[in-house]
Amino acid sequence: MRAILGFALGLLTVVAPTLVAAEGMDVLLQALPKCAGDCFLDSVARSACATNQTAACTCNDSNFKGQMTQCVMANCTVKQSLATMNITSAACGAPVRDRAGNFDTGQIIFAVITACIVLTRLGFEVFVVHNLAPDDYMFLALALIAAPSVAFIHHGTAPNGGGRDIWTLTPQQITNFLFYFYLQTISYFINVTLIKLCLLLFYLRIFPSEIVRRLLWGTLVFTVLYGITFFFLATFQCSPVRHFWLHWDGEHQGICLNLSAIGWANAAFSIALDFWMLAIPLSQLRTLTLHWKKKVGVGVMFFVGTFVTVVSIIRVKALITLGMSSNITWDNHPVTIWSMIELNVGIICICMPTLRLLLVRLFPKLGRGGTSYINRYQHHSGGAQGLSGRGARMGQGRTGQGRTVEDSTSTLKSDGAQSGSSVVLTTMGVKPPGMCIVRQQTYAVEYDD
C-alpha cells in the first residue's frame, strides 16, 4: 500500500502549511507522528521556505513537497502516514467527504422490491403451476446466494468507511472494509454466473430448434466453466487468503494476484456472454408471428436485458478508476452501486416471463391476441402431463360418442355422428423436449352429414 502513503502525503504537503500558519509549528509537531514531524522540519529547512514558513510558500514549493513525500515514505509506516493525513485535515478544517449518503437505505429498499418479485415468481410456480422446472431450481439457488449481499453492505462495508476517504478511518475499519469487500467480490461473481445460467435454462425450455439447443448447451457449459474459474480466482487470489484484507498496512507477509486484472477479465467475459445470450433469442424472434401485445412484452424483456448489459459496461469504467486508486474506500463506492443495480435488475429480468403469466391470469384480456378464442398458458416438465401420446381427447357431443383429434393433422373422426350435432374440440400443441409453454385452444365445432 505504498501508493496510499504517497497519495496521503501529497495532500499533507498542501494542508500542513496552512496549519503551521494558523496554529504554529509546535502544535503541528505535537500532533503529528514523530517520523512525520521530523520529515516536515527537515524538508522545510532544505527548501526555499526555510525563512518564509507560510502557506503561500510551502504549498507552491514543489521541492518541499517532493522531499516531504520521499522522507515520510522512507521513515513512516502506512498507518502513520494515514494518521498524519487525518490530523492535518481535521486541524485545517477540511471537510470529511462521504459520498455514501443514503446509499445503504436505498440498496435495502431496492433489495426488498426485488425480494417481493422473487417471492411472487416462486409462489406462482409452486402454488399455481405446481411444477418447478430446472431454471426455477437454479433461480431459487440464486435468490438464496444473493440475499447475503445486502448484509455485506449493511453490516460490512457501509459502517466501515464505504464512500469515505481512507485516511479518516481507523486501521480496524480499513481491515473490516477489505474483508467485506472480499466477500462481496466472491458473491458478485457467483450471482452473475447464476443469473446467466437461469436465462440459459429458460431458453432451453422455450426454444425447440435442435441447432439453437446445441448452441444453448454449449453456452451453458462455457458459463459454468467461467463461473468456476472466477470463483476460485476470487477466493484464492491471496496466499494466505487473509492477506487480502491484511496486506494494506505493509506489516503482513503474503502474496496476492492482481485484483484489478481479475475484475476486468470477469467483466469482459460477462459482457461478451450478455451480447451472445441476447443474440440467440433475437435470432429466433424473426421467425415468430406474434400479436402486438406479445411483441411489447418481449420487447420490454429484451430492453431490460440490454439495460443490464449497459450497466455492466458502466461498471467497467468504475473498475478502471478503482484499479488506479490509492483511496479504495472512496473509489470503490461507484463499483458497489453499479454492481448492486446490475444484480437486482438482472434478477427482475429473469422473473418477467412468469410475471407476465401472472398478469395474464389476473387480467385475461392482456393475453388475447385479437382472436375470439382464449389462450391459456401452462408450464409442463418432460412427459405427457396427462396427455396420451401426441393426441388429446375431446368432449362428447349430443351423440354421446367420444371423438379423437390427432394433433399432427388436426383430423376429426366422427363416425356415426348425427346431422347438426356439435362438439367441443380441444387441441393442444406438441411440446418440445423439456419444459415449455403449451397453448390450449378451445373451439365450438358444428357439422352436418
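Placed from the backbone N, Cα and C atoms, the Cβ positions cover glycine too.
Residues annotated as compositional bias 'Gly residues' in TrEMBL: 383-400.
Annotation source TrEMBL lists compositional bias 'Polar residues' at 407-420.
The disulfide bond annotation in TrEMBL covers C59-C92.
Per TrEMBL, the feature domain 'CFEM' maps to 7-119.
Feature annotation from TrEMBL assigns region 'Disordered' to 381-420.
Per TrEMBL, signal peptide is recorded for 1-22.
The transmembrane segment annotation in TrEMBL covers 108-130 (among others).
Under 8 Å from some Cβ of the transmembrane segment (137-157) lie the Cβ atoms of residues 104, 107-108, 111, 115, 118, 121-122, 176-177, 179-181, 183-184, 187-188, 190-191, 194-195, 197-198, 201, 332, 336, 340, 343, 347, 350, all in the same chain and six or more residues away from its ends. The transmembrane segment annotation in TrEMBL covers 137-157 (among others).
Feature annotation from TrEMBL assigns transmembrane segment to 177-203 (among others).
Same-chain residues lying 6+ beyond the ends of the transmembrane segment (215-237) with a Cβ under 8 Å from its Cβ atoms: 185-186, 189-190, 192-194, 196-197, 200-201, 203-204, 207, 244, 256-257, 259, 262, 265-266, 269, 273, 276-277, 280. What TrEMBL lists as transmembrane segment is 215-237 (among others).
Taken from TrEMBL, the feature transmembrane segment applies to 257-276 (among others).
Residues or ranges marked as transmembrane segment in TrEMBL: 296-316 (among others).
TrEMBL lists 336-359 (among others) with the feature transmembrane segment.
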Worksheet item: Of the listed stretches (108-130, 296-316, 336-359), which one yields the highest count of Cβ-Cβ distances below 8 Å with the transmembrane segment (177-203)?
Response: 336-359
Worksheet item: Which residues, given as numbers and ranges, are at least 6 beyond the ends of the transmembrane segment (296-316) yet have a Cβ under 8 Å from it?
Response: 264, 267-268, 270-271, 274-275, 277-278, 281-282, 285, 290, 335, 338-339, 341-342, 345-346, 348-349, 352-353, 356
Worksheet, complete the sentence: Given the transmembrane segment (257-276), its same-chain partners at Cβ distance under 8 Å and 6+ residues beyond its ends are 185, 189, 192, 196, 219, 222-223, 226, 230, 233-234, 237-238, 305, 308-309, 312-313, 315-316, 319-320, 322-323
Worksheet item: Apart from its near flanks, which chain residues at least 6 from the ends of the transmembrane segment (336-359) lie with a Cβ under 8 angstroms of it?
Response: 103, 107, 110-111, 113-114, 117-118, 120-121, 124-125, 128, 139, 142-143, 146, 149, 153, 157, 162, 184, 188, 191-192, 195, 198-199, 202, 297, 300-301, 304-305, 307-308, 311-312, 314-315, 318, 366, 377
